[in-house]
């Protein structure tokens, strides 16, 4: 794919979908900034993996929920590279409970980690990218933000909010040639669900028209497309990567 920009910040990039996005974008020539919050060992291992392949990569520790941390991180990147071309808001958490058992703190915890952090990232990226009148942001939402799910009231609200927020940012960003889009993964094969029993996976798969779980690489390539010049006339959109589970 073709990229006019030079670098990308990916939040929550040390493992899972975020790590695969980092691998994919690094292989396409971008300098990748890998964000992590607590596990330096995993982040450094990914950095070493990419550097061994000749890719440009840096690790940056900050808590995406902290406004000060996020602002300082972007300032660090700008000071190092002269600007920020792309942002992927991938950091997030889950705290699943039935709504009648969900405490207000549980709700706010997920909203803050998933939605508020993405808002801070979008806002600060818009400020920085406005100076060059160029940039693209992709927010990693979820199929749950589109259709809801039992026991995930907080998560669905955070991801649904992310989808709507991306559209509003797209209106404001368009004035400065900056694009905002969302990707909504479905059931993706990751380390988090690798230990699920085969019969449970089969129950999920039988409802997916493509009859399989998705791969992290497939999500990463969707992100790469939305960041790249190949999607230069696409903004405010939501790209489903779910095998047809929700159309």
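Any Cβ shown, glycine's included, is placed from N, Cα and C.
A TrEMBL annotation is a machine prediction, not a hand-curated record.
For reference, TrEMBL has these:
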DOMAIN    6-191  domain 'Ketoreductase'
BINDING   90, 155, 156, 157, 158, 159, 188  NADP(+) binding site
ACT_SITE  155  active site, proton acceptor
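The Cβ of residue 90 (NADP(+) binding site) lies under 8 Å from the Cβ of 10, 11, 12, 13, 17, 18, 21, 140, each of these being in the same chain and 6 or more residues away along the sequence.
When the neighbouring Cβ atoms lying within 10 Å are counted for each of the binding-site residues (156, 158), the highest count belongs to 158. Under the three-state DSSP scheme, residue 90 (NADP(+) binding site) falls in the coil class.
Binding of NADP(+) is attributed in the record to 90, 155, 156, 157, 158, 159, 188, and the widest Cα separation among these residues amounts to 20 Å. Under the DSSP three-state reduction, residue 156 (NADP(+) binding site) is assigned to helix. Sparsest Cβ environment among the binding-site residues 157, 188 (other Cβ atoms counted within 10 Å): 157. In the three-state DSSP assignment, the secondary structure recorded for residue 188 (NADP(+) binding site) is strand. Ranked by how many other Cβ atoms sit within 10 Å of their Cβ, the binding-site residues 155, 159 place 155 at the bottom. Each residue in the domain 'Ketoreductase' (6-191) has a pLDDT score, and their mean in this model is 98.
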